[in-house]
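What TrEMBL says about this protein:
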ACT_SITE  His36  active site, proton donor
BINDING   29-36, 148-151, Ile177, 185-188  ATP binding site
BINDING   Gln60, Gln154  (R)-pantoate binding site
BINDING   Gln60  beta-alanine binding site
DOMAIN    309-523  domain 'Cytidylate kinase'
REGION    1-300  region 'Pantoate--beta-alanine ligase'
REGION    301-528  region 'Cytidylate kinase'
Amino acid sequence: MLIVTSISELQREISRVSPSQKIGFVPTMGALHSGHESLIQRAVTETDFVVVSIFVNPLQFGKNEDLDQYPRPLEQDKAICKQLGVKLLFTPSVTEIYPSEEETTIVNPPTAMTSVLCGKYRQGHFQGVATIVTKLFNLVRPNVAYFGQKDAQQVAIIKKMTKDLNIPVKVQSCPIIREKSGLALSSRNQYLSSEEKEKATLLYRSLSKAQRAFQEGERDCQKLLQIIKEEFRSPQTPLNKGGLNLNDSLNKKGLNDVNIQLQYVEIVEPETLQPLTEISDSALIAIAAYIGNTRLIDNVILTVTKPIIALDGPAGAGKSTVSRRLARELGYIYLDTGAMYRAITWLVMENNINVEDEESIASLVANVQLELLPSDNLQIPVTVKINGQDITKEIRTPRVTNQVSKVAAQSAVREKMVALQQEYGAKGGIVAEGRDIGTNVFPRAQLKIFLTATPQARAKRRLIDLQNQGESNIDLDTLIKEIEERDYLDSTRAIAPLKKAEDAIELITDNLTIDQVIEKIKSYLILV
Ligand code: AMP
């Protein structure tokens, strides 16, 4: 990793990057934490040459704000960037960026966007952000720039600015990274005492409560805002059941000494930031509060479209049982990808087409109408219709089972099925499982779960299944070995190897019942 401090060195290094290489850029103010790291990691996976800048930009700090106090652990930040695979780190001084005493040009985004939310309380802040980001974009000339959704107003303004000024960069917003307690990571969390840190979970807790009300059907913004304001009035209220248990310790300790003050809470349209009265599509609830002397912000996005839940993980961890139950309990569609391939196989056979005849099969699938509908019967995961005909039962016959892998291996069939799965995804409200579901089919699924269990636990479950089926001459050690071998093969195979998506939540099910797994997944839903 190269570290440069001057604009001329930066420009020289950028001019050396081959035009065929994609430049990814992560602008930061340093004091890097896992939130920053998630942006850098994404940049490293999606682009060829990652540039990070660390610059505490005086232009975006108000007179009485924390410019001097802002943490600057530069050596530690350098080590993090190097370890994550950053190619070029830019750490300029203030005089390098703003050399003259004269007034500099200020980029002024639309007042409608800078005068709401934080803009009301931090005058000149977003003009300062827009100015430094424009300057950095001009110097780094990135293809993609990564920003955290944590600063939702900042991302919305930068997206609008790049569009209005035709700056040729894709602005990618990335999910908020939180501590287990729900507290959004921020360089400013360093200012908090441990009591204040506990109290600070109130921001997310109150947002979650409003989010839950929204999920239960509340669309009136005044009512949703009221829920949050209420939480700030009575911080001792225990967290709603089924949500993250953030509040246990808050109830035990006397934290009333910590002064907590809500600065604002608003519900706005996520792109334009204009206030909403009723939510018909999507909305941003943004909040700012003082915890002692530290000002923190947080937000959640609400979308009327239900999310996609993608489940992945090794064989035998309980994926399909969990997926079916979860879909049923949530009223979502269980996207039974196996059933889709079975349906096509049935159609091929019904039309007397040879299962090896790729050409005829390709033209057959080109115009196929395939529907998956929720089923109320736990034994039948989904109702399947092909060209209007209900074939739920027919696809489970041995005739279909014997041929399905030959049909499913054909690229025309696979492409059509993935496209169809993605069409279902666009409507939302689905639970999908499968090897590459979170990495390839739904890389932007709102909730990704990597369901796993140790080989020992999976072998024990399998042994019980086998014993229930009357098989008694298999021992646990043989099963453990078989599972370990299969895991190895699955994770090293060339096509679609088993791999945990970067943003998946790993859920180890060794000591959990199916009910407990389902409850856990439901509680994660609140995070999306
Ligand atoms: P900052 O150093 O505070 O200017 O932040 C640099 C970038 O990291 C911005 O795009 C932030 O939105 C992003 N960021 C900060 N905290 C988080 C977080 N907890 N999760 C995701 N992104 C974050």
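Glycine is no exception: its Cβ is also placed from the backbone N, Cα and C atoms.
Unlike curated entries, TrEMBL annotations are predicted automatically.
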Listed binding-site residues adjacent to ligand 1, that is, members of Leu32, Gly35, Gln60 whose C-beta is under 6 A away
Gly35
Are there any residues at least 6 positions away along the chain from Gly35 (ATP binding site) with a Cβ closer than 8 Å to its Cβ? List them or say none.
Gly148, Lys150, Ile176, Ile177, Ala184, Leu185, Ser186
Taking every residue in the region 'Pantoate--beta-alanine ligase' (1-300), what is their average pLDDT?
92
By CA distance, which of the recorded positions (His36, Gln60, Gln154) lies nearest to Ser187 (ATP binding site)?
His36
Quick one: give me the count of other CB atoms within 10 A of the CB of Gln60 ((R)-pantoate binding site).
21
Simplified to three states, DSSP reports Gly35 (ATP binding site) as helix
